[in-house]
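Enquirer: Take this structure, written in structure tokens, and hold onto it; I'll ask about it next.
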Amino acid sequence: MEPNANNNMHPDNCLGITPMEVHKVVPPPHRSTIQKLKSKLKETFFPDDPLLQFKRQPLGKKWILAAQYVFPILQWGPNYSFKLFKSDIVSGLTIASLAIPQGISYAKLASLPPIVGLYSSFVPPLVYAVLGSSRDLAVGPVSIASLILGSMLRQKVSPINDPLLFLQLAFSSTFFAGLFQASLGLLRLGFIIDFLSKAILIGFMAGAAVIVSLQQLKSLLGITHFTKQMGLVPVLSSAFHNINEWSWQTILMGFCFLVFLLLARHVSMRKPKLFWVSAGAPLVSVILSTILVFAFKAQHHGISVIGKLQEGLNPPSWNMLHFHGSNLGLVIKTGLVTGIISLTEGIAVGRTFAALKNYQVDGNKEMMAIGLMNVIGSATSCYVTTGAFSRSAVNHNAGAKTAVSNVVMSVTVMVTLLFLMPLFQYTPNVVLGAIIVTAVIGLIDFPAACQIWKIDKFDFVVMLCAFFGVVFISVQDGLAIAVAISIFKILLQVTRPKTLVLGNIPGTDIFRNLHHYKDATRIPGFLILSIEAPINFANTTYLKERILRWINEYETEEDVKKQSNIHFLILDLSAVSAIDTSGVSLFKDLKKAVENKGVELVLVNPVGEVLEKLLRADDAHDIMGPDTLYLTVGEAVAALSSTMKGQSSSYV
């Protein structure tokens with residue numbers, strides 16, 4: 001039986017209704033359960049359809065495409081030229097000048113030996129050059145992941161009292177971070193990181209930037225005894241309770257180099273062509289400060305220095321990984337948190353610069369590349385790395401063409417590890433602190449925060465929760481609070497879907513929201529509602545109560561009473577994309593409830609699986625009858641108006 005057999009003209013001269021053809025509501029084509037499951041799984045896990053390129057290709061070509069998919073370097077490598085290399089070597093040397101001082105600084109931020117920061121700037125970029133799909137991403141340690149790694153591990157292990165165990169836990173956390181990242185890419189579960197919305201990231205990054213900057217007060221003021229806590233209050237309290245430890249020599253040097261670095265950053269922001277000014281400023285600061293300390297023996301006058309660093313390339317560390325013991329839970333937890341944060345940052349940075357150059361970055365391949373990079377890094381004395389925004393911006397502005405720029409950077413770091421380590425012995429910690437502060441200032445995005453306030457006040461609240469949670473509680477708790485609020489927002493949208501009252505725009509058969517379009521008018525005898533969300537077990541009770549309340553509100557309005565009582569309740573289901581068994585039951589219960597009020601339930605345009613499930617459940621044909629199912633609201637009103645004897649209609 002057809003869901004709607006009315007395809008005749010419905011003139012109604014007494015009501016002045018314009019005749020309108022009523023079209024059939026056609027059920028969707030039949031598909032087996034296997035076909036539906038296959039389609040759903042494909043859209044969930046393979047929305048980019050990675051297998052499309054293999055269709056109708058000979059076997060040999062398929063093997064080549066498969067190799068290029070796993071190793072993107074095989075795709076652009078054969079066409080690589082000396083012209084591209086000239087651009088890549090310039091950008092590679094430029095980001096190396098930034099990566100070396102930042103690597104040392106970020107390792108200290110993570111409470112790790114400074115040399116580990118350089119190790120992490122050597123091996124991971126080589127791995128990413130082979131597996132990564134971004135041309136602009138510059139790989140290495142980043143401030144936020146370093147901060148989280150250090151703060152979470154310090155909760156149980158002291159890097160001062162037990163440095164070896166702390167280092168082992170850091171490498172183990174890196175392994176689990178990489179394993180988690182690679183698993184997300186392999187299992188096509190990248191949508192999980194989408195729970196970190198833009199509002200959360202902006203608030204989280206800004207809060208983390210404040211905390212990272214405050215942590216540098218230890219270096220910038222020359223304080224020896226400083227709190228290990230991360231909150232704003234304990235950090236400031238520690239700084240001012242130890243005024244007697246402040247060193248004016250350290251403060252003077254820190255202030256001078258901080259001003260120099262900020263001026264260099266300002267110049268590069270005002271004139272992007274001068275990107276090399278801010279890119280080279282950290283290395284220049286390290287060189288100048290090291291010379292000053294060495295020349296004036298400043299290490300004997302209150303200025304602390306890095307000290308002697310180990311020469312040589314990365315030693316293997318797979319024997320230092322912990323997969324058992326009392327600290328396993330801490331290691332896994334730290335790996336998951338740092339893995340999510342670094343993965344989100346790396347993919348966001350890669351997609352940002354890919355959009356500027358009009359090429360695509362495969363999110364799942366990036367997850368696997370970053371994940372494998374960290375797994376391999378954990379076995380070669382590296383800690384968590386990803387694509388850093390500051391280095392990637394410099395790489396982009398320096399004219400990088402391919403991932404070879406990462407190789408050039410890595411080779412430069414290798415030369416430094418082999419031959420130049422003694423030069424860093426007198427590098428003052430205060431300059432490293434100034435470099436970190438300058439780098440993280442860019443994470444505070446005031447224009448984006450203002451834009452969020454302008455667009456969505458709830459997102460702005462989420463952003464503030466992330467910011468204040470990080471600043472006043474802790475980095476991981478602030479992130480957890482913001483994610484929880486965002487999930488609560490999603491649950492609200494699911495459990496409290498929007499229902500709109502529709503009215504007719506005069507002179508047309510178009511029906512729109514009465515509260516949006518002021519010229520839209522009610523149709524006497526009709527209550528027309530639009531449901532704008534999937535219907536499921538979480539919202540059926542609310543929908544039933546809300547619809548019945550709409551009917552009561554309609555009937556109690558004085559102006560409506562003077563015109564007509566409700567004869568028809570029309571539900572526009574065009575925006576309902578899915579329904580479950582509870583949703584199907586809703587319509588049966590609703591039909592009984594409104595019939596008791598003398599109102600007939602009419603459905604308009606149920607789509608896809610919604611229509612299919614309603615048809616299957618409607619054995620008695622009482623919901624999907626020929627006079628209760630229509631393709632458009634206009635057709636429903638035109639057809640049903642003929643049954644309202646003696647009533648006048650404003651529908652023209």
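Each Cβ is built from the backbone N, Cα and C atoms, and glycine gets one as well.
As listed in TrEMBL for this protein:
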type     : residues : note
TRANSMEM : 112-130  : transmembrane segment
TRANSMEM : 165-187  : transmembrane segment
TRANSMEM : 199-217  : transmembrane segment
TRANSMEM : 246-263  : transmembrane segment
TRANSMEM : 275-296  : transmembrane segment
TRANSMEM : 367-390  : transmembrane segment
TRANSMEM : 402-424  : transmembrane segment
TRANSMEM : 430-448  : transmembrane segment
TRANSMEM : 460-488  : transmembrane segment
DOMAIN   : 516-640  : domain 'STAS'
Enquirer: Using DSSP, what's the helix, strand and coil tally for the domain 'STAS' (516-640)?
Expert: 56 helix, 21 strand, 48 coil
Enquirer: When only pairs 6 or more apart in sequence are counted, do the transmembrane segment (112-130) and the transmembrane segment (460-488) reach 3 or more Cβ pairs under 8 Å?
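Expert: Answer no, regions not in contact.
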Enquirer: Any chance you could find the range in 165-187, 246-263, 367-390, 430-448 with the most Cβ pairs under 8 Å to the transmembrane segment (199-217)?
Expert: 430-448
Enquirer: Taking residues 6+ outside the transmembrane segment (367-390), which of them lie with a CB under 8 Å of any CB in it?
Expert: 98, 102, 107, 110, 112, 116, 119-124, 127-128, 131-134, 137-142, 145-146, 149, 170-175, 177-186, 190, 314-318, 321, 338-339, 342-343, 345-347, 349-350, 439, 442-443
Enquirer: Please give the sequence-distant neighbours of the transmembrane segment (246-263): residues at least 6 beyond its ends with Cβ less than 8 Å from one of its Cβ atoms.
Expert: 219-223, 278, 281-282, 285, 288-289, 292, 298, 301-304, 428, 430-431, 433-435, 437-438, 441
Enquirer: Which one, 165-187, 402-424, 430-448, 460-488, has the most C-beta pairs under 8 Å toward the transmembrane segment (275-296)?
Expert: 430-448
Enquirer: Near the transmembrane segment (402-424), which residues from the same chain, at least 6 beyond its ends, have a CB less than 8 A from one of its CBs?
Expert: 73, 76, 80, 84-85, 88-89, 91-93, 95-96, 99-100, 103-104, 114-115, 118-119, 121-123, 125-126, 128-129, 132, 134-135, 137-140, 286, 290, 306, 308-314, 395
Enquirer: If I take every residue in the domain 'STAS' (516-640) and average their pLDDT values, what number comes out?
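Expert: The answer is 86, the mean pLDDT of the model over that range.
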